[in-house]
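These notes are about the structure you will find just below.
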Amino acid sequence: PMGSERTEVRKRQMSMTQETPGAAQAQLSTGNRGSNACCFCWCCCCSCSCLTVRNQDEERARGTSHELQAEGIPNCEESPAPTLEEVNAWAQSFDKLMLTPAGRNAFREFLRTEFSEENMLFWMACEELKQESNKNVIEEKARLIYEDYISILSPKEVSLDSRVREVINRNMLEPSQHTFDDAQLQIYTLMHRDSYPRFMSSAIYKDLLQSLSEKSIEA
């Protein structure tokens with residue numbers, strides 16, 4: 001639906017706008033660290049000691065940042081490298097792109113650049129839920145999916161219309177493998193109409209296609 005597509009565009013614009021103040025704050029923070037001396041050192045011993053403490057603090061901060069970044073970007077699916085035939089097939093239809101792990105991984109990489117990777121993550125979580133048969137596991141996974149992608153408090157909330165949200169809220173009274181079927185279809189349609197055409201024109205797709213074409217010619 002057009003409402004979901006407009007919401008998706010606004011989300012990308014807000015994400016890009018929010019990055020600018022964050023970068024400015026990081027530069028300001030860096031400038032403050034550079035201008036504030038740790039102490040007025042009267043000897044080399046004091047200077048070395050202070051610098052050592054400061055370096056250790058900065059290393060710990062960088063380590064924490066890397067850990068948070070790793071947690072924030074889930075691992076891609078395991079898959080063999082795509083063939084030239086597969087990559088060409090992705091241009092034929094969105095269904096063929098989504099059919100293979102390699103296609104989903106490439107599309108996820110593109111969605112990440114548009115700050116909308118949560119759409120693919122939600123779709124994949126729904127697919128995983130459908131494979132479950134244990135009632136307790138189904139209920140737990142359904143709860144996590146709701147908290148991660150449906151709740152308005154979640155930073156990974158996907159764009160759904162009010163009708164689908166009402167269906168989900170009713171289904172959550174007795175969660176099943178198909179609790180999010182309507183929502184999954186709506187997000188699939190949104191990715192197909194909104195993101196897929198841009199992916200086909202993106203550098204990510206074109207570079208991959210060119211690389212595989214060159215390897216094919218060399219072989």
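Positions of Cβ are set from backbone N, Cα and C atoms, glycine also.
Record features, source TrEMBL:
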COMPBIAS  1-11  compositional bias 'Basic and acidic residues'
REGION    1-27  region 'Disordered'
COMPBIAS  14-27  compositional bias 'Polar residues'
DOMAIN    93-209  domain 'RGS'
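Summarising model confidence by region, the domain 'RGS' (93-209) averages a pLDDT of 97.
According to DSSP, the secondary structure content of the domain 'RGS' (93-209) in residues is 86 helix, 0 strand, 31 coil.
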